[in-house]
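Q: Per Swiss-Prot, the features are:
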- GLY150, ALA151, TRP152, LYS176, PRO177, SER178, GLU179, GLY229, VAL230, GLU231, THR232, GLY253, CYS285, GLU386: NAD(+) binding site (BINDING)
- LEU245, LYS456, GLY459: K(+) 2 binding site (BINDING)
- CYS285: cysteine sulfenic acid (-SOH) (MOD_RES)
- GLU247: site 'Seems to be a necessary countercharge to the potassium cations' (SITE)
Amino acid sequence: MSVYGLQRLYIGGAYVDATSGKTFDTFDPATGELLAQVQQASAADVDRAVASAQQGQREWAALTAMQRSRILRRAVDLLRERNDELAAIETRDTGKPIGETLAVDIVTGADVIEYYAGLATAIEGLQVPLRAESFVYTRREPLGVCAGIGAWNYPIQIACWKTAPALAAGNAMVFKPSEVTPLTALKLAEIYTEAGVPAGVFNVVQGDGSVGALLTGHPDIAKVSFTGGVETGKKVMSLAGASSLKEVTMELGGKSPLIVFDDADLDRAADIAVIANFFSSGQVCTNGTRVFVQRSIKDAFTAKVLERVKRIRVGKPTDADTNFGPLVSAAQLDKVLGFIASGKAEGAKLLAGGTRLTDGHFADGQYVAPTVFGDCRDDMKIVREEIFGPVMSILDFESEDEVIARANDTHYGLAAGVVTENLSRAHRTIHRLEAGICWINTWGESPAEMPVGGYKQSGVGRENGITTLEHYTRIKSVQVELGRYNPVF
């Protein structure tokens, strides 16, 4: 028996059975307990979801922007009312501590929907005068049916981030959550339906990458929004272009630099470094895993980091006191342990952690100790490649120019941060760093108002902020002639 039983697809405002006859299992990463059997969508199911979305989108787009805004605000209220219930499911599915999911995942997802509900009525065109008797006006119109493909680290938050601007602009969305954490997207679908979103406007199809490929290549989908790894992102972009030249926005991986200058408040810098590496057990795309510390303060900074690592409370995610849980899956655990072994083999100095935790109840879960390496070099695998786990690499530097060059020496460009009391140096450095999301004397917050996305191979386009509405609308230009028409022939 599983905890949540059989999970079906959500199409046309209701749960429906998949036609594939296939299911997959999802497990609690803290205990290994079977959470649910989940039905896998077939190609026919994807077609059914897209057709339902087309029908629902026409009804949704015909509403006024104010009507759509009111419905989305009702969804926000329902999300907040069900916060504790949804957080409990998210904790079981992802392994995140309950204190984290209660305070962050649903809360921030609801905030983004509320933000775009407020902007729905502000989507407008321009009027461009040409001459006394002629002008042009533009309309921002919805794209139609969009596809959202989510990652496993923030399941419901990502679903909210993708649906909020899409629905606010009058689109429909077919969403595929990660097969590793598939549960809460279905709850969001229930909430949208209860709030009054027309049937078909938000459909959920479950499955592995083959289902994502069906969505990406579907000729009746106008846009794909993807969150995940770089290599998968490249496949998404290629298939989207080859199928129908559909628009793509992607938030991909990172190997982000955190730069600590010698005038930094060391307590603040250590606090930032620890949260930038160990929040959500290090499974955050924007993690600042390359910690560059000016040489004169490296020892003092490292000591403060290690003090804080000792205070991390690793435990059962369902315990209120826990602030560090397991990794999301056995596969992710093996990957992280492989990186740790690589760091040791390449000569990095292990300062903390570096092992799987197996004592007591830890033996049933995918736990790895918070890990800190010192004496790291830029050419090490743990410094070059995204780990997506709780592994911090500390590197030292001498000069501002040196650290900027080294920080930019990567094909990633998602995030970056600077800790310094010198405001001029902070801005000067940030302006030279090749990253789309940057923080000065803080780390990690991504409010609804803030556009987020990467440079280089860390992504295309943005999520959140006003600019994201541009990715979910298309411009129609209309010329109006009020005067006499002058024929050419």
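Note that Cβ sites are derived from N, Cα and C of the backbone, with glycine treated the same way.
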Q: Which one of the binding-site residues (VAL230, LEU245, CYS285) has its C-beta surrounded by the most other C-beta atoms within 10 angstroms?
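A: Sorting the candidates by Cβ neighbours within 10 Å, the top entry is CYS285.
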Q: If you draw a 10 Å sphere around the Cβ of LYS456 (K(+) 2 binding site), how many other Cβ atoms fall inside it, taking every protein chain shown into account?
A: 17
Q: What are the sequence-distant neighbours of GLU247 (site 'Seems to be a necessary countercharge to the potassium cations'), meaning same chain, six or more residues apart, C-beta distance under 8 angstroms?
A: LEU143, ALA222, LYS223, VAL224, ALA240, HIS471
Q: Taking the Cβ of GLY459 (K(+) 2 binding site) as the centre, count every other Cβ atom within 10 Å, in any protein chain shown.
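A: Other Cβ atoms found within 10 Å: 28.
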Q: Where does TRP152 (NAD(+) binding site) sit in DSSP terms: helix, strand, or coil?
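A: Going by the DSSP assignment, TRP152 (NAD(+) binding site) belongs to neither helix nor strand, so it counts as coil.
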Q: In sequence order, which residues at least six apart in the same chain have a CB under 8 Å from the CB of TRP152 (NAD(+) binding site)?
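A: The list for TRP152 (NAD(+) binding site) reads THR94, SER178, VAL180, THR181, VAL328, SER329, given in order along the sequence.
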Q: Say you check the Cα of GLY150 (NAD(+) binding site) against those of the binding-site residues LEU245, LYS456, GLY459; which is nearest?
A: GLY459
Q: If we check Cα distances from THR232 (NAD(+) binding site), which of the binding-site residues LEU245, LYS456, GLY459 wins as closest?
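A: For THR232 (NAD(+) binding site), the spatially nearest of the binding-site residues is GLY459.
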Q: Reduced to three states, what secondary structure does DSSP give GLU179 (NAD(+) binding site)?
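A: Looking at the DSSP assignment, GLU179 (NAD(+) binding site) belongs to neither helix nor strand, so coil.
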Q: For GLU247 (site 'Seems to be a necessary countercharge to the potassium cations'), what is the secondary structure by DSSP, using just helix, strand and coil?
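A: GLU247 (site 'Seems to be a necessary countercharge to the potassium cations') sits in a strand per DSSP.
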Q: Determine, using Cα-Cα distances only, which of these binding-site residues is closest to CYS285 (NAD(+) binding site): LEU245, LYS456, GLY459.
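A: For CYS285 (NAD(+) binding site), the spatially nearest of the binding-site residues is GLY459.
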Q: What does the structure give for the C-alpha distance between GLU179 (NAD(+) binding site) and LYS456 (K(+) 2 binding site)? Integer Å is fine.
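A: On Cα coordinates alone, these residues lie 27 Å apart.
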